[in-house]
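S.K.: Can you keep this structure in mind? I'll have questions shortly.
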Amino acid sequence: CPPDKFRCHYGACISKNLKCDGVAHCADASDENQCGRKSGSCDENEYKCASGECISLKQICDSKKDCKDNSDEEDVCEKIAICPSNTHRCKVGGCIYLSQRCDGHKDCIDGSDESEQLCTNLNCIEKGCDDKINKKVRCPPVTSTRINAHCEIPSGPNKGVIPCNVPFPPGAIVRYECKPYYIPASATHRHNKQMTCQSDGTWNRELLGCIPDCGNAELEAAPLVVKGWISERGKFPWHAVLFALEEGNWSFTCGGTLITEKIVLTAAHCTWEMKKELLQVALGKHYSDYHKLEDYVQIRNISKIIRQPLYQDLVGNYGSDIAILVLSNPAEFSPVIRPACIDWELDDITDHLTKNNLGLIAGMGVTENDTSSEQLRATYLPVVDDTECIKQQKKDFKKYITFTSFCAGWRNGTGVCNGDSGGGLVFPVEKNPNKLTLQGIVSISPRRPGTSFCDPNYYTVFTKVGIYVEWIYKVLQEIHD
């Protein structure tokens, strides 16, 4: 930042005059730390609660009561979402003086105070717009598909409700909330209920960000895939069913896991040498019969198959056995269609993949009778130590156990089998047992001698999802952007 600016801990530049003025202009409130308190002052990387104690800046707006008086959630979260009326809000957060807009210097860390749209709007306001260009001061339209929005002009000759997907005139107000099955993207958005179009053609605050409310399920039952009970409908709303077109008929082939409206994760070998036109994804489906009528089921074509670049099928010993299926049309969430969570920060991977920890999996694969299950079944499977797994596997199967995989199973005839490939092994989050995170994808398991069927008396090999979260996230950004 320039000498006359204060740099927030996350990077935004604000005027030094705004530091310690009692209002958090930085999104992390770092401009209100070290404000000359004689005693009990907090360190630079801490936030001082209204009740006096110091907490880490990372604990602000994390949906937890870290201050005794809850001021780290109620007070600061409301303040950091919006800038005072005499300031301009940078796109990445942080507030600058109005006079700093379009002055030739990037006062916002993202340079949004010098953007072409903003400066054109200001020029129109100050000098009048060029009629030949017919430019008008307007705020960008609201196009998020994850919110319910109500847009209106509150006063004047054009007072009334207006469409939300067109540019807004100054003074227009947008009120919004997350759609069902979505939640605010962060604690800073919990108090974000509306925004106003300002005279310079920018919104006075960031649009409410919403994310899928992932991994929610009721886990009273403990059914089994092999030798087990049928799962209740809606218990595994993230489970996807892959159908392949064979000789004119759609046949059940693999499982998968829904993680966003447009993305399903599955095993790469389920898609090997398959054209996208020959695969379909069924969501909310409880039966393996493609033609069986079921309420709330959504069938989607696949617009793109993205296999992990290192996957080489049998030649590569099925390493990196993971693929992303991009749906042609987004799924619509419902009680029976909801995504599983992904452990993006890898906070739980070590605990989840510890020996004997139980994961939950659903599938429609082969049962103990060597016939495909007509309905969705499920089981709890314990994680197996790598050394133990290698020791107990057949000699010619040991090569498939690598750094990119892990083992799970019972060795008692209970497990996953043919057709369960691609399904997701999920684990409950420690702080919220009813929220489930995807950590494994069914890859391969040993076959019984002389047959093409799995041997449920041996452990199953799963692809370790955590190794690929950066790759998955990068693809998601490209798809959803």
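Just so it is clear, glycine is given a Cβ too, placed from its N, Cα and C backbone atoms.
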S.K.: In TrEMBL, CYS67 is disulphide-linked to which residue out of CYS49, CYS54, CYS77, CYS83?
M.R.: CYS49
S.K.: What residue among CYS1, CYS8, CYS54, CYS61 is stated in TrEMBL to be the disulfide partner of CYS26?
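M.R.: It is CYS8, per the disulfide annotation in TrEMBL.
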S.K.: How long is the line from the C-alpha of CYS90 (disulfide bond) to the C-alpha of CYS42 (disulfide bond), rounded to the nearest angstrom?
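M.R.: Answer for this pair: 27 Å between alpha carbons.
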S.K.: Quick one: of the disulfide-bonded residues CYS13, CYS42, CYS54, which has its CA closest to the CA of CYS67 (disulfide bond)?
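M.R.: Nearest by Cα distance to CYS67 (disulfide bond): CYS54.
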S.K.: Of CYS20, CYS90, the disulfide-bonded residues given in the record, which has the fewest other CB atoms within 10 A of its CB?
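M.R.: Counting other Cβ atoms within 10 Å of each of the disulfide-bonded residues CYS20, CYS90, the minimum falls on CYS20.
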S.K.: For CYS1 (disulfide bond) and CYS42 (disulfide bond), determine the Cα separation and express it in whole Å.
M.R.: 23
S.K.: Rank the disulfide-bonded residues CYS42, CYS95 by the number of other Cβ atoms within 10 Å of each Cβ and report the first-ranked residue.
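M.R.: The residue with the densest Cβ neighbourhood is CYS95.
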S.K.: For CYS95 (disulfide bond), find which of the disulfide-bonded residues CYS13, CYS42, CYS49 come within 10 Å, Cα to Cα.
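M.R.: Within 10 Å of CYS95 (disulfide bond): CYS13.
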S.K.: Based on Cα distances to CYS49 (disulfide bond), point out the closest of the disulfide-bonded residues CYS8, CYS13, CYS20, CYS42, CYS108.
M.R.: CYS42
